[in-house]
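TrEMBL lists 56 with the feature active site, acyl-ester intermediate. What TrEMBL lists as active site, proton acceptor is 59. Annotation comment: TrEMBL describes 116 as active site. Per TrEMBL, the feature substrate binding site maps to 218. Annotation source TrEMBL lists domain 'Peptidase S11 D-alanyl-D-alanine carboxypeptidase A N-terminal' at 32-246. As annotated by TrEMBL, signal peptide applies to 1-22.
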């Protein structure tokens, strides 16, 4: 592991040379993990059990719940969901839904994955549980069943809350299980564009767009959480989940994630 730490610290120093010793501070603060979910082997872990703010990676759990309800016939793809006043008050990122709007479950899933829309997360939460608080309780019940022992949800959006936290390990576990449990729905994580009310929306996920082999999951950001990402990769017949939390910019996030994947999955040394 010491060899690993030296390698990644070197990556950061090369990626952000103008920052000097700040690159070492970045490495100390960020958390990450790469898991070969085919074999169950952890290939890389750094601060993987340290509590972090998950930001919009919370929405992966929202989607797990929604996929489960769809699978069991409790809700349906074309169900029209009403928009409450509370949903319209959510801060960006959002679709700017209006109270008189309706959005279907299928549209909402796209909006969560691609736009990371906070107003849509609340619409889904209220449709399932009546209130966002009650839905957060449901998310925690699911987390307990899935074995996410160091995670607690307080909202559906991932907006910062002092009592909301997770870990790189738990979020990797969630990424693995949503892919395992809902293979017929998982391909929606590959979508990069969707349209709602004649507006076109594009994905924020530069790893999914640009890294060969990446095939899904989600990004997240708040000013307190930093830049977070959960990525799934398929390479030479194996499936992998990689999570990094707390990186300081989207560009650094992409460079660090792609370097980690190159080294630990593809064996590329730079």
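Any Cβ shown, glycine's included, is placed from N, Cα and C.
TrEMBL annotations: computationally assigned, not manually curated.
Here the recorded positions are 116, 218, and the one whose Cβ sees the fewest other Cβ atoms within 10 Å is 116. On the 0 to 100 pLDDT scale, the domain 'Peptidase S11 D-alanyl-D-alanine carboxypeptidase A N-terminal' (32-246) averages 98 in this prediction. Secondary structure at residue 59 (active site, proton acceptor), taken from DSSP and collapsed to helix, strand or coil, is helix. DSSP classifies residue 116 (active site) as coil under the three-state reduction.
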